[in-house]
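These features come from Swiss-Prot:
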type	residues	note
ACT_SITE	D126	active site
ACT_SITE	D144	active site
TRANSMEM	43-63	transmembrane segment
TRANSMEM	75-95	transmembrane segment
TRANSMEM	97-117	transmembrane segment
TRANSMEM	135-155	transmembrane segment
Amino acid sequence: MISLFKKLYFTFSRSSRIIITLVIIDQLTKWWFINNLRWKPGLMLKVTSILNMVYTWNYGISFGLMREYYQYSNAIFLITNMIIVCYLYHLMICSKTIGSFVGYNFVIGGAIGNLIDRFCRGAVFDFIHFHYRNYSFPVFNLADCFITLGVIILIEDYFSTKKVIEETSKENFDNLQIEAMAAKIRNTDHVSNDKI
């Protein structure tokens, strides 16, 4: 029982530092853009030929989806996001690899960053806008980057872990076959010796 508490404390303290750092980075960048640039919604700052900084409030979910239901759904978004964060935290505590631990931390940190916006401001502040020729990617923020990076880490971890498990299983299966053949040979030798 004590070892379980030690594991939970160790996991909580490590993950808390990562998550809090990501949330602080996200909230500081949003605060800086909102307060120092004194933009108005719709204005844009061209950074490069493919990157703009824009002032946008996202009243929907990721990438502005479902924003037309904002009046009815902000409370639902908040509750749903809190439930998802709690579930992801549970998965992170149960994670067996460093990759999944880090991936869940990034997803949780990004989700909490956006959750703070929705709770304190009623919407999520987005400011990063990539575009190329006629293609325009939806406006996003650093919390969205953290979530995306976390999902990529989790996917990579899943496939690399799956590969290791498959290789280990095949190796174990091959070893079992060799042991079975050796036992069969020993039994055959034993029977042959009995006949002599």
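Counting begins at 1 with the first residue displayed.
Each Cβ is built from the backbone N, Cα and C atoms, and glycine gets one as well.
Annotation note: D144 (active site) sits in a helical segment as assigned by DSSP. In this structure, the active-site residues under consideration are D126, D144, and the one with the smallest number of other Cβ atoms within 10 Å of its Cβ is D144. In this structure the alpha carbons, written CA, of D126 (active site) and D144 (active site) are 9 Å apart.
D126 (active site) carries a strand DSSP state (E or B). Same-chain neighbours of the transmembrane segment (135-155): 22, 25-26, 29-30, 54, 56, 58, 62-64, 99-100, 102-114, 117, 124-129, counting only residues six or more beyond its ends whose CB sits under 8 Å from a CB of the stretch.
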